[in-house]
Amino acid sequence: MPPPLLLLLLLAAAAAAVAPARSKSTLESCSSSTACPALLSYTLYADLKLAELAALFSADPLAILAANSIDFAVPDPADRILPAGLPLRVPVPCACSDGIRRVTTVRYVARPGDTLASVASSVYGGLTTPDWISDSNGILGAKPDAAVDAGTTLFVPLHCACFGGVDNGLPAVYLTYVAGKGDTVAAVAQRYRTTATDLMSVNDMATPELAAGDIIVVPLPACTSSFPAFTADYGLAVANGTYAVTANRCVQCSCGPGNLDLFCVPAPLADSTCSSMQCANSSMMLGNFTLLMTSSGCSVTSCSYGGFVNGTILTTLTTALKPQCPGPHQYPPLIPPPTSSFFETYLGPSPTPMASEGGVMAGMAPTSTPAASSGPPPAGRHVVGDVLGAFALCLVGNLLW
């Protein structure tokens with residue numbers, strides 16, 4: 001073989017071995033205009049006030065705290081400083097855009113030194129791509145390292161997923177997760193209390209290979225609502241072990257830990273601007289219930305939340321007969337706002353109801369702080385490729401010398 005051809009082949013082998021693989025993403029095609037509640041797994045790139053983090057995602061600061069089971073009745077929550085490296089779940093509406101499920105409500109004001117690539121990878125943690133940003137803003141033919149003028153407002157579409165709000169026939173909220181260095185399918189499954197098999201099935205993965213930058217979705221067991229379609233919070237779903245704030249911050253809804261029944265009560269910050277939360281023809285307030293033992297079982301009368309319409313909180317009074325009277329309602333544990341990045345959001349139990357754990361109402365001290373879960377140590381990846389690349393480069397060096 002002529003030396004020039006050999007040299008070209010060796011150079012090609014070296015480039016293939018050391019070039020980073022293109023990240024894989026799970027995309028959900030869609031045709032419906034209806035958005036669904038979704039979650040994004042996001043790690044803070046810098047120390048940020050909660051208000052600054054919320055502005056990045058056009059989200060309600062209290063909704064972010066609630067989605068992470070962080071006490072949202074603390075004083076001045078928006079001014080709380082969250083540390084860099086803190087992993088959080090960010091609740092977002094997942095819409096249908098150009099036939100793909102994406103978050104379309106995010107706006108970002110560029111700062112000096114920003115590029116399309118830095119906004120996508122650093123600011124938004126790989127939840128979007130430079131191409132998506134350039135396409136959404138009509139910046140045709142722009143390269144990823146193209147500078148963005150400071151002060152420019154960018155539309156930033158983000159990955160998300162709905163998949164009908166179910167997983168294996170059970171209610172679910174989907175969390176979009178960007179794999180980090182050393183992540184494995186098994187480790188991600190363990191962290192979110194699911195199985196590697198389910199993750200592979202949901203993400204249509206033929207093998208359990210996961211590389212840094214890959215985007216997958218994780219189904220989380222959830223409590224769903226059945227509000228009428230004309231309500232502002234139609235389709236509300238809350239991941240197990242967490243909370244949601246709705247009805248203009250007047251109502252808080254929780255899911256778990258003992259079952260997957262949505263439970264809503266007046267929010268800790270509800271004030272005189274909130275509409276009445278009393279059930280009609282009753283003295284019962286939202287979240288109240290009464291028990292009456294009968295010869296046929298336990299008659300449970302409850303005042304439940306029915307959605308939010310034009311500033312009015314809808315309530316429903318229902319009576320149901322159950323074999324046994326339920327005990328006091330248990331709430332998912334709440335934790336204080338974190339001051340360290342060594343933090344894991346509370347993970348609720350599996351879809352199968354478990355014995356209730358001690359919980360607290362928002363605004364009260366938590367009874368316990370959940371233990372952080374950790375996956376296996378980072379697995380070495382692309383070792384063979386690295387060795388081949390080094391070998392090929394050495395051969396090229398010898399030929400050039």
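Glycine is no exception: its Cβ is also placed from the backbone N, Cα and C atoms.
On a predicted model such as this, the values are computed, not experimentally measured, just so you know.
Straight from Swiss-Prot, the features:
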- 106-156: domain 'LysM 1' (DOMAIN)
- N240: N-linked glycosylation site (CARBOHYD)
- N281: N-linked glycosylation site (CARBOHYD)
- N288: N-linked glycosylation site (CARBOHYD)
- N310: N-linked glycosylation site (CARBOHYD)
- S373: GPI-anchor amidated serine (LIPID)
- 1-23: signal peptide (SIGNAL)
Can you give the mean pLDDT for the domain 'LysM 1' (106-156), rounded to a whole number?
-> 95
Tally of DSSP helical, extended and coil residues in the domain 'LysM 1' (106-156) = 15 helix, 8 strand, 28 coil
On a count of neighbouring CB atoms within 10 A, which of the glycosylation sites N240, N281, N288, N310 is highest?
-> N240
Of N240, N281, N310, which glycosylation sites come within 10 Å of N288 (N-linked glycosylation site), going by C-alpha to C-alpha distance?
-> none
DSSP three-state call for N281 (N-linked glycosylation site): helix, strand or coil?
-> coil
Where N281 (N-linked glycosylation site) and N310 (N-linked glycosylation site) are concerned, what is their Cα separation in Å, rounded?
-> 22
Rounded to the nearest angstrom, how far is the Cα of N240 (N-linked glycosylation site) from the Cα of N310 (N-linked glycosylation site)?
-> 28
State the three-class DSSP label for N240 (N-linked glycosylation site), counting H, G and I as helix, E and B as strand, and everything else as coil.
-> coil
Local backbone state of N288 (N-linked glycosylation site), from DSSP in three classes | coil
